[in-house]
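Only one structure is covered here, and it is reproduced in the block below.
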Amino acid sequence: MTLQQEIIRALGAKPHINAEEEIRRSVDFLKAYLKTYPFLKSLVLGISGGQDSTLTGKLCQTAITELREETGNDALQFIAVRLPFGVQADEQDCQDAIAFIQPDRVLTVNIKGAVLASEQALREAGIELSDFVRGNEKARERMKAQYSIAGMTNGVVVGTDHAAEAVTGFFTKYGDGGTDINPLFRLNKRQGKQLLAALGCPEHLYKKAPTADLEDDRPSLPDEAALGVTYDNIDDYLEGKTLDASIAKIIEGWYIRTEHKRRTPITVFDDFWKRS
């Protein structure tokens, strides 16, 4: 088995999908989880206005709405959480995403004060954060807020991770990568667009350039610039297509270097790290 085949298998990626079937699969997956643990009353998700959180949010709200109708349990809710650092650059996109999703409840938690307070506490301890590390601090603060909300609403935190993100490890460890349940896992980036199109999402929300927008020195840095490959490259790779060797090498390099992000904490029984 080639490394490409190993990766495709590990991430459950498929070369072709039926958008309607995958929408139903994700919605039913979320519903089944909540029905299995009836003490759970909410799905909690951070909404940025980008493709992944918009899609995940719509799936969450659909699942909750259907489950309420099926069970008569009005306590079930989907909570969309806005988590700006100060003023969000693409504020209108976030508003448009909220309008499309129509969440049961929208909360806004501005993380700037908490991030700056943490940075100052570290500075006083003699640790000066780089801009890159501060970016990860933002991602972790966002997740911290979501878990606090989930804890107070008997909920689970929903993630937006998908195959095109997982293969490169393009998420913050214990930040946006630290979630309870990931309904998009298996899909690549272009497949996510197919689902949003099928759901009637405004095109500008999934045709915009994806960005984590965590760095102050490089605001709205496109994911593709940070990764050194395009999402089309990554999607082609995950669909089993043959890529230029230099492109495949970059993708596989990201996969190997970030394997620890896709695992629970490393123990003496693990040996995957020996190949990195």
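From the backbone N, Cα and C atoms, a Cβ is placed for every residue, glycine too.
Feature list (source: Swiss-Prot):
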BINDING   Gly46, Ile47, Ser48, Gly49, Gly50, Gln51, Asp52, Ser53, Thr160, Lys189, Thr211  ATP binding site
BINDING   Asp52, Glu165  Mg(2+) binding site
BINDING   Arg140, Lys173, Asp180, His260, Lys261  deamido-NAD(+) binding site
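Positions of Swiss-Prot features highlighted on the structure.
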residue : record                      : DSSP (3 states)
Gly46   : ATP binding site            : strand
Asp52   : ATP binding site            : helix
Arg140  : deamido-NAD(+) binding site : helix
Thr160  : ATP binding site            : coil
Glu165  : Mg(2+) binding site         : helix
Lys173  : deamido-NAD(+) binding site : coil
Asp180  : deamido-NAD(+) binding site : coil
Thr211  : ATP binding site            : strand
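Residues Arg140, Lys173, Asp180, His260, Lys261, recorded as contacting deamido-NAD(+), have a largest CA-CA distance of 17 Å. Taking each of the binding-site residues Arg140, Lys173, His260 in turn and counting other Cβ atoms within 10 Å of its Cβ gives the largest count for Arg140. Between the alpha carbons (Cα) of Ser48 (ATP binding site) and Lys261 (deamido-NAD(+) binding site) lies a span of roughly 22 Å. Packing around Asp52 (ATP binding site) is summarised by its Cβ count: 22 other Cβ atoms lie within 10 angstroms of its Cβ, all protein chains included. A count of other CB atoms within 10 A of each Cβ picks out Gly46 as the most crowded of the binding-site residues Gly46, Gly50.
Considering other CB atoms within 10 Å as the measure, the emptiest surroundings among the binding-site residues Ser48, Thr160, Thr211 are those of Thr211. For the binding-site residues Glu165, Asp180, the ranking by surrounding Cβ atoms (within 10 Å, all protein chains) places Glu165 first.
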